[in-house]
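Student: Take a look at what TrEMBL says about it:
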- 57-79: transmembrane segment (TRANSMEM)
- 91-111: transmembrane segment (TRANSMEM)
- 123-146: transmembrane segment (TRANSMEM)
- 177-392: domain 'ABC transmembrane type-1' (DOMAIN)
- 181-202: transmembrane segment (TRANSMEM)
- 214-232: transmembrane segment (TRANSMEM)
- 266-288: transmembrane segment (TRANSMEM)
- 309-332: transmembrane segment (TRANSMEM)
- 369-391: transmembrane segment (TRANSMEM)
Amino acid sequence: MNPWSGGKGRRTTTDRLRLIAEPPEWARFVADQTSTASQWPADAAPYDLISPARKRLGWALMAAATLGLLATILVQILYKSEVDTIGFETWRPVVYAYVLWGVAIGIGQVLTRGEDGQRALFLLPALLFTIAMVIFPTLFGFYIALTDWNLSSFSGRRFNGLDNFWQMLGDPYYRNALFNMVLYVLAVLVEYVIAFGLALLLNAQIRARKFFRVVFLMPLMLSPVAVSWMVGKSLMEYRFGPAATLARYLGWENPAFFSDPITARISIMVLDAWTFIPFMMIMLLAGLQAMSREILEAARVDGANAWQTFWQVTFPLMLPVSVTAVILRIIFKLKLADIIITVTSGGPGGATDSVSSFIYREYRDRSNVGYGTMLAMAYLVIIVVFVTWLLKFANRFVRNVN
């Protein structure tokens, strides 16, 4: 008799619930067959089903392709550095070796990992693109940094070892550019305070709030070069600029904003801050709007004033957003060059140079590719080390505060 049907022998509600919780034997058998039909045995995985000979073949293929690529690159570098006479006239064989290496890696992954290797093939194009567009140019940059290569000379590129490195250590202009970068990065803290104040203002219930948000975001819509011409070359022009006229009216006899080293540095900081403070402001404003209003209302009910609410409630809750905004702003600041190149060209006497603008002028004014590349590679290492330390410090700081 069907246990789910009515009539004589009708099951009660309790019996039906028991049948649902404990299905009959045939239902359990079908469920077991269905669940195990598409699974591998418990003691065997697809990787374990690959024969050892096939794995050895795959590993040997990938190792041979890697060694072949490295050997081709090494031979070509030694030949181009005039250390050896064996090599190729162009770098085209290196490209061919790289393509063959990519094919061999794909085949080797399939041979050694089976189905997992086939899935890994979908990552292979991204890997090859990253190596071709990031890894190879970086390695080639380190190679160029070890050469004496000036575009104004007819002698061409010549390997000179660490001569560029020792020259960099004794270069006072490069040390001055590094010192300026420290000052420019410290200015981010002032920018953060201003951006946070503007975010709090635009988050409050004020009239024409949407209008002011658009107005404060306008500098971010302009390129730094446009800001340099509009503000640096026009408003701050020392003869007829409105800022210079106002400064004379206030008693500054010679308001040359870019003729004195200290004033020029401060002017560059102001121009750069005016451009990028809206970037930090919009991130902080988004964090403020995402904050729960109930928390702020609870603080007010508990008797906290505006300053206590900000310092003990708003600021700790906004700390992750603040750290993210400051770190991103520091990364942008480390690339500061366009405003300096447009307004001061590093002057007066290199006083306003950032590392990026100094490297640019080394390329443009002196055509010194080898030494300029050494400066760029050294700066790259400094940035990687500094940003890594900054991220660790920021994570530790947020954990300690929270």
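Glycine is treated like the rest: Cβ placed from N, Cα and C.
Map these features onto the structure and tell me what's around them.
Tutor: Sequence-distant contacts of the transmembrane segment (123-146), counting only residues of its own chain at least 6 positions beyond either end whose CB sits under 8 Å from a CB of the stretch, comprise 77, 98, 102, 105-106, 109, 157, 159-162, 164-165, 369-370, 373-374, 376-377, 380.
Within its own chain, the transmembrane segment (266-288) is flanked in space by residues 183-184, 187, 190-192, 194-196, 198-200, 202-203, 213, 216-220, 222, 224, 227-228, 231-232, 236, 257-258, 314, 318, 321-322, 324-326, 328-329, 332-333, 336, 339-340, 343-344, 352, which lie at least six positions past its ends and keep a Cβ under 8 Å from the stretch.
For the transmembrane segment (309-332), the residues of the chain that approach it from at least six positions outside its boundaries are 185, 188-189, 191-192, 195-196, 200, 276, 279-280, 283-284, 286-288, 291, 295-296, 299-300, 387, 390-391, 394, 397-398, 401-402, judged by C-beta separation under 8 angstroms.
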Student: By a Cβ-Cβ criterion of under 8 Å, what residues six or more beyond either terminus of the transmembrane segment (369-391) are in contact with it?
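Tutor: Sequence-distant neighbours of the transmembrane segment (369-391): 138, 141-142, 144-151, 157, 160, 164-165, 167-168, 174, 178, 327, 330-331, 334, 355-356, 358-359, 362-363.
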